[in-house]
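Worksheet: the structure to be examined is printed underneath.
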Amino acid sequence: MTASTPTASVIRPKRVLPGFGLTMGLTLTYVGIIILLPIIALVLKGAEVGPLRFLEIASAPRTLAALKLTISAAAMASVLCAVYGLLMAWVLVRYDFPGKRLLDALIDIPFALPTAVAGLTLSALFAGNGWYGAVLEPQGIKVVYTIWGVTIAMAFTSIPFVVRTVQPVLEDLDPQYEQAAATLGAFPFTAFRRIVFPAIFPAFVVGISLSFARSLGEFGAVVFIAGNLPMETEIASLLAVIRLEEYDYNGAAVIALTLLILALVLLAASNLLQARAMRYKGKRQ
Amino acid sequence: MSSPLPLSPTHTAAPGQGRLIPRLLIAAALLSSLLLVVIPLAYIFYRAFAAGWAAFAANILEPNTLHAVWLTVLVALVVVPVNVAFGIAAAWLVARFRFPGRGALLTLIEIPFSISPIIAGICYLLLYGRQGLLGPWLAAHDLQILFALPGIVLVTLFVTSPFVMREVLPLMQAQGSDQEEAAVTLGASGWQVFRRVTLPNIRWALLYGAILCSARAVGEFGGVSIVSGSIRGQTNTLPLQIELLFNDLNIAGAFAAASTLTLIALLALVAKVVLERRR
């Protein structure tokens, strides 16, 4: 309101457009009520217990087992996504083949599919009577109710990250450098390692850290396939939910805060890396 | 014609090798995508329709599942318009004005993308729950937020809040404000500028953001599972109903419910492809 009155536009001649007060008011109210307030509630509940009790809850055996499972499964899932993502980005950018556009669109399915649907489908596929389980279980490979199930559920839900971060960078990279290297006698793999990989590395790392952060927090897909045995296949976010159901609000808040801090640190680090890579790119041009 | 002769064996080998590696990589990409994405997708419909159309229809028309469909649609009908309005307001604010704390506000708006939905749900329980920050006040005023529609709507709003803004903001920034400033200078009111200039410019991005927002709202599981209380036939949305049927070992029913959500996800993907070509 004030910004659009004549006096205000004299003081701030740049604000010709109306709606500053209105949109500012709407945005702040909404962000305050919907986003900020609940997060403050979490931080307050977590801080309420004090640093000593916080550490005690965070390092209780069951919490540690859940965190260890979550982090190791998320790490394995990220490796899977890294390999698949690099392959897909390379194939989609550098080669032409029938069905390429369809394949490109298919990659987004894990993001579009609700996580509960993904969890249901994967657990049924890998169960003893499912299409995959029927092949794997006679070989002695059990996926459902094991860490492998957790890993596969996490990997499925974060498949698109690496593809979608590496793909645009690869598109910008002129293939003539690799061709030059090949002309100079470099083997295809050497050309890839020395020329392509350094260029896509920052985007690759960003994609991997996004996959990792998403895997740490994945719930819907995992609870269906994990079996959720305490100390064995119980992920950290599920333990937080169990604490809530026991009315142990502080316990839940501590676990949730630990996960939140882990994810935010990871994303901040990847943002920093991305910013540095951009600056580097800017200098070269 | 005799040119192949002087070439050394390594040179004649090179093109063959050059074709082999791409073929292997393409084959690997197709095979892994088949196993990771296509077969799971096909499996949903296979299991949903394994017992035929009649069984599928019976599973969907089961009263609790039908109620879950209705509740899910209702939540989306509330959430999507609110987030469209918020997305436009926030994008307009960030794209058109410079003010202190602009960067911080932008980070804050994007936070729901970095917080896992389950943690969002926990946040809401710690705020509105009986032992939560506002719990005593709510109880004193006899207001029911958790384990009821308001709680489900609030968490879904949180989880889907950045979608519209994220699509609209880059477009507004790229287009600049020249047209809008010209309209203002010519005497148009704020509402006229928005309806005649801004809205036509951003309509496709807005539509795409709304589609993403709807798809996410309909499929939200983790956050909603915490605040809804999963009361059968009352506060169960479709994704929660899938879990309930799965735990009841009614796998056919679970897949029937899952197939409807999958169909919505596929429609959203098709819309994405179409809209991207349009822009």
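Every residue gets a Cβ built from N, Cα and C, even glycine.
Remember, TrEMBL labels are computer predictions, not curated facts.
Per TrEMBL, these features apply:
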- A:67-268: domain 'ABC transmembrane type-1' (DOMAIN)
- A:20-44: transmembrane segment (TRANSMEM)
- A:65-91: transmembrane segment (TRANSMEM)
- A:111-131: transmembrane segment (TRANSMEM)
- A:143-163: transmembrane segment (TRANSMEM)
- A:195-212: transmembrane segment (TRANSMEM)
- A:219-242: transmembrane segment (TRANSMEM)
- A:254-273: transmembrane segment (TRANSMEM)
Review point. Cβ under 8 Å to the transmembrane segment (A:143-163), counting only same-chain residues 6 or more beyond its ends: which ones?
Key: 69, 72-74, 76-78, 80-82, 84-86, 88-89, 92, 107-108, 110-111, 115, 118-119, 122-123, 126-128, 132-133, 136, 204, 207-208, 210-211, 214-215, 218, 221-222, 224-227, 229, 233, 235
**Study point:** Tertiary contacts of the transmembrane segment (A:195-212) (same chain, 6+ residues out, Cβ under 8 Å)
**Key:** 74-75, 77-78, 81-82, 85-86, 89, 155, 158, 161-166, 168-170, 173, 177-178, 181, 266-267, 269-270, 273-274, 276-277
Review point. So which residues does the transmembrane segment (A:254-273) touch in its own chain, when a touch means Cβ under 8 Å and the partner is 6 or more beyond its ends?
Key: 42-43, 46, 49, 54, 57-58, 63, 66-67, 70, 202, 205-206, 209-210, 212-213, 216-217, 236-237, 239-240, 243
**Study point:** Contacting positions for the transmembrane segment (A:111-131) when only residues 6+ beyond its ends and CB under 8 Å are counted
**Key:** 137, 143-144, 149, 152-153, 156-157, 160, 218-225
